[in-house]
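All remarks here apply to the structure that follows.
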Amino acid sequence: MLNSHNTNHNNNSASNSNYNKGHKMHLKSATAKATIMKHKLSKFYGYGWMQVFLLLTVLVIGNQSAWQENIRPKLYVELGPEDVLKFVGNESVVDHFKLVTKDGNSLLIGARNTVFNLSIHDLVEQQRLVWTSPEDDTKMCLVKGKDEEACQNYIRIMVVPSPGRLFVCGTNSFRPMCNTYIISDSNYTLEATKNGQAVCPYDPRHNSTSVLADNELYSGTVADFSGSDPIIYREPLQTEQYDSLSLNAPNFVSSFTQGDFVYFFFRETAVEFINCGKAIYSRVARVCKWDKGGPHRFRNRWTSFLKSRLNCSIPGDYPFYFNEIQSASNLVEGQYGSMSSKLIYGVFNTPSNSIPGSAVCAFALQDIADTFEGQFKEQTGINSNWLPVNNAKVPDPRPGSCHNDSRALPDPTLNFIKTHSLMDENVPAFFSQPILVRTSTIYRFTQIAVDAQIKTPGGKTYDVIFVGTDHGKIIKSVNAESADSADKVTSVVIEEIDVLTKSEPIRNLEIVRTMQYDQPKDGSYDDGKLIIVTDSQVVAIQLHRCHNDKITSCSECVALQDPYCAWDKIAGKCRSHGAPRWLEENYFYQNVATGQHAACPSGKINSKDANAGEQKGFRNDMDLLDSRRQSKDQEIIDNIDKNFEDIINAQYTVETLVMAVLAGSIFSLLVGFFTGYFCGRRCHKDEDDNLPYPDTEYEYFEQRQNVNSFPSSCRIQQEPKLLPQVEEVTYAEPVLLPQPPPPNKMHSPKNTLRKPPMHQMHQGPNSETLFQFQPDGYNTQQSYRGRDNFGTLRSHQVMGDNYRRGDGFSTTRSVKKAVNNTNTRNRSLGRARRQPPRHGIVTQHRSNSPQQQQQQSQQPHSSSGSSPVMSNSSSSPAPPSSSPSPQESPKNCSYIYRD
């Protein structure tokens with residue numbers, strides 16, 4: 001392929017060289033131009049389309065081998081009002097709900113000027129804490145140019161440091177403040193107030209995060225009004241201010257604490273990519289809990305801050321990256337195959353100007369720790385690449401580690417950590433690839449919540465993933481291979497749930513469970529709820545829909561591959577997680593890995609409302625179920641049958657799309673070619689296309705191909721086959737004005753008049769040739785307007801005599817030549833010049849007014865203003881000039897001048 005590419009490159013160079021030569025010939029010949037255009041078109045049609053075809057073929061092959069197709073959900077669920085618990089809050093204004101904190105059997109929801117205390121059971125409001133901005137702060141916010149909506153107090157930090165106490169921070173009209181309240185049965189009592197700078201953001205649109213560890217609050221936010229000073233803060237320590245090596249325009253996502261470290265997840269502009277452009281990378285950073293700062297100038301700076309890139313990509317020779325992290329789950333600890341690991345799940349998106357795509361990736365805490373123990377990355381010069389640092393250059397003790405007293409660290413370690421906070425290696429995805437990939441122009445992933453290690457009959461455990469989108473949908477999925485392998489992924493999308501009555505982005509997802517379970521009437525247990533938070537409402541739904549009475553068979557229940565659901569062979573119905581004897585495999589049938597069970601008969605269920613049964617292969621012969629939205633309050637399940645195949649047929653594969661593009665391109669090419677060909681055959685060219693200067697405003701009245709090629713005996717070539725006895729040719733003869741041009745028109749582009757040749761300056765006053773131009777006698781105002789020697793204005797031809805005739809202005813006169821075809825051509829040219837013309841009559845016709853004619857008759861003839869060969873009042877031929885002119889009319893040739 002390399003040799004072939006070089007060959008094509010050389011051929012292209014030779015073609016370009018030929019084209020350059022032809023381009024020079026284009027100035028001389030129109031035929032050369034046509035040849036070049038044919039050469040270029042033949043080159044394009046010859047192998048240009050072949051290159052396009054090969055490119056599309058490679059894209060198709062690459063798509064088949066690398067890209068993961070969108071996985072269809074088993075169920076499309078549309079919930080009714082009785083299936084959803086909803087809290088709206090203030091209906092007059094948008095509350096901008098965002099934070100959710102669990103406090104026993106209560107939910108604390110942070111919103112606009114308010115903290116709502118809701119019951120987990122039914123989302124009924126129990127208490128309300130109202131905290132508005134002081135009037136002075138609101139006025140100052142408005143003076144600084146913010147609108148009234150932004151000059152409110154949006155709750156952005158909310159933690160429970162101890163039972164009965166609540167720590168809350170709000171934007172407070174772009175002047176952050178933090179309050180500590182004591183919670184009682186009836187109200188909230190203010191205990192303390194402090195400045196919220198570097199803890200809470202100024203702008204409610206800024207993303208921030210916080211976590212409480214060992215009664216110390218760690219926050220990631222911005223520390224100034226403009227939002228240009230990002231910071232990771234724990235009083236009194238902070239990251240370097242205005243240092244792009246530490247934080248470069250970050251958007252914080254989440255944070256958690258584990259062991260001796262606190263971890264932050266965010267996305268930022270990649271400083272290591274700055275020499276190649278701008279890109280956003282996902283990061284994980286950590287600081288040590290025991291960090292006390294350094295000595296002297298490092299006393300208020302972190303001495304343990306490190307960060308690394310999170311690699312969520314589709315593997316291959318050229319990985320496809322999902323670079324922008326949007327949300328992260330809590331730390332999940334579980335069994336994955338033979339490994340016991342602690343995982344963090346995150347949702348990642350492509351950039352907004354890229355292919356719309358989202359993915360879910362998991363990262364092991366051990367892999368993150370190993371990355372922070374690896375090599376550092378550095379840039380030695382401003383134009384240098386970012387390269388790993390040799391381990392021999394790393395000082396001892398190692399920067400970024402936890403020390404008993406960081407204030408005793410030596411200067412080499414402190415200086416190194418200040419300029420080398422970025423690690424060289426990326427944190428790999430735990431399963432070596434994304435768990436779920438979705439490409440859609442309709443929605444992207446925004447939030448994630450994970451219900452960890454759900455046990456199934458037989459003892460296997462699975463993490464159930466709930467993903468929120470910016471279109472108000474919930475996607476429930478599971479990795480069917482996670483219980484048996486730590487490096488394989490079999491994605492199963494169990495449900496796509498349409499929860500909201502109107503589409504709006506999901507801001508937060510939380511899985512909550514009550515302290516005690518209440519046993520419902522059907523014998524199953526209420527094992528939790530999914531809390532969905534948007535700007536205008538808080539919604540709670542069940543984690544599963546196993547008890548739906550539309551699931552009537554064992555094969556339907558098992559085919560869901562839902563870890564929450566299993567078929568109760570004694571009761572003969574689908575039961576949910578938490579039912580009695582749930583872990584006993586002898587009482588329940590379930591197979592999350594394949595969706596099939598040997599004890600469940602397969603077959604098509606011909607139910608009118610819900611069809612389920614006949615299984616079709618999809619990823620290890622898994623059963624796919626579809627749904628049909630039948631009502632507002634029920635979920636309908638459809639098996640893959642004729643309806644599903646109709647949906648499949650309505651979608652197009654990549655191969656079909658490529659073939660359609662190729663067929664359409666070829667068809668368009670053929671239609672364009674034949675249309676141009678037939679139009680060229682039927683349509684005649686305009687006369688202006690044959691002019692020597694078609695892009696100017698000059699043109700010939702009439703021109704013959706042989707007007708400049710004439711024999712020695714006559715000016716005009718006779719063509720007996722085409723002409724009658726007398727041949728007449730009419731052409732435009734410009735008029736020369738003798739006076740100098742005005743100063744303001746000396747450099748005019750239309751000032752193209754030229755002086756007559758020097759050898760004609762001594763001719764007689766009545767002589768005139770084709771190259772000697774004389775002014776019109778009736779032009780009394782002596783108006784000046786430069787004209788080209790070769791034609792007249794198109795506007796003059798179109799408008800006729802009305803073109804600037806109000807001031808007696810005229811530019812040209814028409815000359816008509818008549819040739820008698822009966823005379824012999826054998827007479828010598830010298831004799832023809834000595835004798836006056838016998839058969840030709842030279843006349844001059846002018847359309848002057850009577851006053852102008854009288855003035856002209858009284859003026860004496862001069863060399864500069866003499867009339868042509870004959871005057872207006874005389875019809876006799878003029879005497880010949882003393883010296884014959886090369887352009888003088890020969891024998892048998894005559895001129896007829898016309899205006």
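Glycine is treated like the rest: Cβ placed from N, Cα and C.
Fair warning: this is a prediction, and the values are worked out from it, not measured in the lab.
What Swiss-Prot annotates here:
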TOPO_DOM  1-40  topological domain 'Cytoplasmic'
COMPBIAS  1-20  compositional bias 'Low complexity'
REGION    1-24  region 'Disordered'
TRANSMEM  41-61  transmembrane segment
TOPO_DOM  62-657  topological domain 'Extracellular'
CARBOHYD  Asn63  N-linked glycosylation site
DOMAIN    74-543  domain 'Sema'
CARBOHYD  Asn90  N-linked glycosylation site
CARBOHYD  Asn117  N-linked glycosylation site
DISULFID  Cys141-Cys151  disulfide bond
DISULFID  Cys169-Cys178  disulfide bond
CARBOHYD  Asn187  N-linked glycosylation site
CARBOHYD  Asn207  N-linked glycosylation site
DISULFID  Cys288-Cys402  disulfide bond
CARBOHYD  Asn311  N-linked glycosylation site
DISULFID  Cys312-Cys361  disulfide bond
CARBOHYD  Asn404  N-linked glycosylation site
TRANSMEM  658-678  transmembrane segment
TOPO_DOM  679-899  topological domain 'Cytoplasmic'
REGION    735-766  region 'Disordered'
REGION    798-899  region 'Disordered'
COMPBIAS  847-876  compositional bias 'Low complexity'
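Put simply, of the disulfide-bonded residues Cys169, Cys288, Cys312, Cys402, the one whose Cα is nearest the Cα of Asn90 (N-linked glycosylation site) is Cys169. Cβ-based crowding with a 10 Å cutoff singles out Asn207 as the top-ranked of the glycosylation sites Asn187, Asn207. Ranking the recorded positions Asn117, Cys169, Asn311, Cys312, Asn404 by Cα distance from Cys288 (disulfide bond) puts Asn404 first.
Secondary structure at Cys402 (disulfide bond), taken from DSSP and collapsed to helix, strand or coil, is coil. Comparing the Cα of Cys151 (disulfide bond) with the Cα of every entry in Cys169, Asn187, Cys312, Cys402, these being the recorded positions, the smallest distance points to Cys169. Considering only the recorded positions Asn311, Cys312, Cys402, the residue whose Cα is spatially closest to the Cα of Cys169 (disulfide bond) is Cys402. Counted over every protein chain shown, other Cβ atoms within 10 Å are most numerous around Asn311 among the glycosylation sites Asn90, Asn311, Asn404. Under DSSP, Asn207 (N-linked glycosylation site) is assigned to coil, being neither helix nor strand in the three-state scheme. When pLDDT values are averaged over the topological domain 'Cytoplasmic' (679-899), the model yields 48.
Asn90 (N-linked glycosylation site) falls outside any helix or strand according to DSSP and counts as coil.
Of all the recorded positions listed here (Cys141, Asn207, Cys402), Asn207 has the Cα closest to the Cα of Cys361 (disulfide bond). For the pair Asn207 (N-linked glycosylation site) and Asn311 (N-linked glycosylation site), the C-alpha distance works out to 22 angstrom.
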